[in-house]
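Engineer: Have a look at the structure that comes next, please.
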Amino acid sequence: MRRIKDLRPIKVKDLKLYVINQLELPVKTKWVELSNCQEVADAIKNMVIRGAPLIGIVGAYGFAIGVKELVEKGEDLKKAEEIKNILERTRPTAVNLFWALDRMWNRFNRLLENGESREQIVHQLFKEAEKIELEDYHANRSIGGYGQVLLPEKANVLTHCNTGALATSGWGTALGVIRSAYEEGKNITVYVDETRPYLQGARLTAWELVYEGIPHYLITDSSAGFLMKRGMIDAVIVGADRITRNGDVANKIGTYALSVLAKEHNIPFYVAAPTSTFDLKTEKGEDIVIEERSEEEVKRCGECDIAPQKSRAINYSFDITPSSNITAIITEKGIISHVNEEHIKQFFKYRGE
Ligand code: MRU
């Protein structure tokens, strides 16, 4: 078994939250403190931290930090609802944020009902956020365990965006499966899509793979079809931002195109995500709000213009992959194959939510 180096994107000390500023990677590994609710909200919105599970975890800490601010300023705890709203207004697509904030909100109301002191409420909210963080880590390890079995002893695996330690509490979902397969001693080569326009693949996934020493090639997003046609890819594995009741998956823009290409070339297409990414209240992919980000992200790269200022750009951050294009969804509670509404319903009935 190979040894994998631990990588954590956030740390909490003395009720203070520190995160790696992902906008600075791969050039610098810079830790920044997010000291109030607004700073946490801005960090999520501006993608200082990103990735569905990590947005949820940081959102949960953001709520605890916001309540701590109220306590320190001697303000009414009724204002906690506004803190939840500020954090919810940051990014609309990843359901993990709303899931984590609902959980924090329920915990907060139970603590109030129990008549806990203001200091105790803050303390317990940080504990709840820490629980969410730890549960995510264990979920990732479990996803990795289930998922790595699906990969052959020698496999060329294509992945999109960043679904690794930097997108979660550590380890990762889709990249976690790759990590687990590598840890098991499998001969894995990763093909990493650059993932325009924010370049999560080039800047973050490639950086993580260098950190781990896992063999990989960076490819332009438009190379995937040609590589598949040439027989260079054995499996595609991606993460998810939201999975609806019928198994449709919202994930980073470009995921849908990969799923179509994989189907055309008879290549298995796997989605790896914790059960907190399922949104069973939403019926199908078309019902998901897809975040649209600034045109500038497409027309500029770092400090450089890469398109005429007068050109308009479209920048949907996510797309929808229909369940019919997905070979299996790998969760911490097991694998859902033949992805459809009935199988998902049975899965949650027998494995619990
Ligand atoms: O815009 P981002 O970087 O937050 O998008 C991230 C993705 O789309 C990931 O694939 C998804 O959140 C799963 S991360 C484990």
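Even glycines carry a Cβ here, placed using N, Cα and C.
Bear in mind that TrEMBL entries carry predicted annotations, made automatically and left uncurated.
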Engineer: Which one of ARG3, ARG8, ARG91, ARG293 goes with ARG50, GLY51, ALA52, GLN200, ASN251, LYS252 at the substrate site, as TrEMBL has it?
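Structural biologist: Record source TrEMBL; matching candidate: ARG91.
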Engineer: Write down the Cα-Cα distance for ASN251 (substrate binding site) and ASP241 (active site, proton donor), rounded and given in Å.
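Structural biologist: Cα to Cα, ASP241 (active site, proton donor) and ASN251 (substrate binding site) are separated by 5 Å.
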Engineer: Starting from the Cβ of ALA52 (substrate binding site), draw a 10 Å sphere and report how many other Cβ atoms land inside it.
Structural biologist: 30
